[in-house]
Amino acid sequence: RQHEAPRRVKRAWVIPPISVSENHKRIPHLLVQIKSDKQQPGGVIYSIKGPGVDEEPLGIFSIDKFSGKVFLNAMLDREENDRYRLRAFALDLGGVTLEDPTDLEIIVVDQNDNRPLFRQDVFTGRVVEGAEPGTCVMTVDATDADDPDTDNAAVRYSILEQGAADMFSINATTGEICTTRPGLDRETMGVYNLTVQAADMSGDGLTTTAMAVIYLEDINDNPPEFTKEEFSMEVEEQAAGVDVGKVFVHDKDLAGSPSWLAKFTILEGDPEGAFAIRTDPHTNDGVLSVVKPLDHEVRDRFELTVSVQNERPLEPSAPASPRALATVRVRVRDVNEAPVFRENPRRISVLEGTPPGTPITTYTASDPDTHQIQTLSYALLYDPADWLQLDPHAGTVRTKRELLHPSAFLQGGWYIALLLARDDAEPPLSATGTLSIEILEVNDHAPQLQPPAGMLCGRPGRGGTLLLGATDDDRPPHGAPFHFQLSPQHPQLARNWSIARFNVTHAVLAVLAELPEGPYSLPLLLRDSGTPPREQQQLLNVSVCHCGRDGTCLDGVLAAATAGAGITLGALMIILGSTILLLGRRRALRKGLLQRSQDDMRDNILNYDEQGGGEEDQDAYDINQLRHPDLFSPRAKPPLRRDAPLSSGTPLAPRKLPSSPSDIEDFINEGLEAADSDPSVPPYDTALIYDYEGSGSVASPLSSIVSSLTDEDQDYDYLSEWGPRFRRLADLYG
């Protein structure tokens, strides 16, 4: 087979690009005629396709299908489409393609139909005043929609108008605006409005304009100046924190800027710093105020020298101000002032017990108004205890009643009173003074022995000690430490007794030699540590008991603890009742009941006429006093009443001791009479109320008395010596 050679396209079917000017107004306009080399007897049908024909924008181009002529049917705009690419077709009458499709390119030729356009209508720039020539401020720019490859889009810039000074120039190609000469002064002209133009065709074509606004930025080239050289003001005395007046300034620089804001300083005339000056941020004026109270009597006028300058330093090129200083004269007006207590509070000291009417102080105030004649009067404003009286004219304070300590009106030993001082001006003014009175403690109480009685073992070194204490109604330093000693008036006491210090409030009483059981009354001398010290002799009632092995008092000998109180009627009734209980049993049971007894319980009848504590703290009565006549010898010292007041050594009605043991009945009756007539003791013959007496009693129950007694060691013959009333018992048991 022979290869087919490549098909050659005929020249008539190859269509070169067609150029047509935009905005062509003769419509329709023949652009070109296409023709196929393959003419058929019946003819050729031509067609075109593409943008402007059957694609958007539609209807711009058309073709005569029989002649092949292509027409322009609408005006073209290069700025919308600068070229169109179409396809041309040739068909026979049956629609069969005679030629391959060929390209038809239509180029739109540009015309200068677009003006340059500025990117914004108003351009804004800033430059500091006084800028050097050649300082560039801003750049304006414009665009042209025409073909940039032609002069239709070649834009040039110019300044059409800028005022009479011609301070700026513009680069024709770049649109940059710069200063051309010195002398830019914001205070002369703060804003420049330039009219700039852009023209295409290299400046000869279409034009457009815009505004270029240039603001001059302020620099501190103008100092502030006072509007006048002297200012006069006045203010009331004693006023503080108030405004006196204003000093006015002027500054040409931009209001509100640091170059405009003023700063004031008081240079002279105020050595004590009584004035201050600040800047009003709205008006830039100086506001003078008083920061310390002024006293017309001390100084009635001031002459101040005030300077002004800006917050921002002045430019070196700025001229100096001739009005940077001003004189401010301030007059101080006199007003009525309240009295003043120079010493407030006034503190004084007064001894407690100071008698009424005693002057303790003169508390006066002073009137600051020395240029006015005024009289001060005084009154007590606060005197809670009504202790004071005040002279209304002289201000002398006296005691109205005795100042006592302690008192509910004292605070830490101080009494607080308030005084009022008032002048006679119209209206009157007053002041309050505080009077603090310290009530000084006086040592007017001697220490008191507490407790006034006690019990101890009668053997040295074996429980033979007793802890003594004391109290004092005085406050420190007139109280403890206390000093205890045996009365110097009775030196013989030192042979059997000694007192040693235990602490500041207590001492220890000790026996030095073995003492017989029984009550003792020791005169002691107690002294405090006050100035001067107070001392008092007091009686200590001591009961010496029978000592056990461990140095404590044995329960069986508690009858020795009466401490000299004497036998009361109640105690005797208990003794007699107990005796009847023991001896009133049937004689047939006497031996069996008493065989096991080893102790004489008659010596240990407990005194139950006192409340609380049980047997452990009860004192017993020694019945031996009734059995042995020698105890009641006339030479013996009468026993002390344990229930008598501490201040009395013996009862008010001392009892008469019986002369013989046989007169027991008379002894009991006399004791009853003495107890009834003694006003210092409670009535022991009244009904007694017994309360809980403690637990853990070491005494045996009463039921054990009968079972523990025997007749072997008992001798009842002495009952016959007790008088007629005990004769029956003597007959039964004697």
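Glycine too: its Cβ is placed from the backbone N, Cα and C atoms.
Residues or ranges marked as domain 'Cadherin' by TrEMBL: 12-118 (among others).
Marked as domain 'Cadherin' by TrEMBL: 119-226 (among others).
The annotation domain 'Cadherin' is assigned in TrEMBL to 236-341 (among others).
Model confidence over the domain 'Cadherin' (342-449) is summarised by a mean pLDDT of 88. Marked as domain 'Cadherin' by TrEMBL: 342-449 (among others).
TrEMBL lists 464-554 (among others) with the feature domain 'Cadherin'.
Here TrEMBL flags 557-583 as transmembrane segment.
The region 'Disordered' annotation in TrEMBL covers 631-665.
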Subject >> Tally of DSSP helical, extended and coil residues in the domain 'Cadherin' (464-554) >> reply: 5 helix, 45 strand, 41 coil
Original post:
Which residue counts does DSSP yield for the domain 'Cadherin' (119-226) in the helix, strand and coil classes, in that order?
Top reply: 6 helix, 48 strand, 54 coil
Original post:
With DSSP helix as H/G/I and strand as E/B, how many residues of the domain 'Cadherin' (342-449) fall in helix, strand and coil?
Top reply: 0 helix, 47 strand, 61 coil
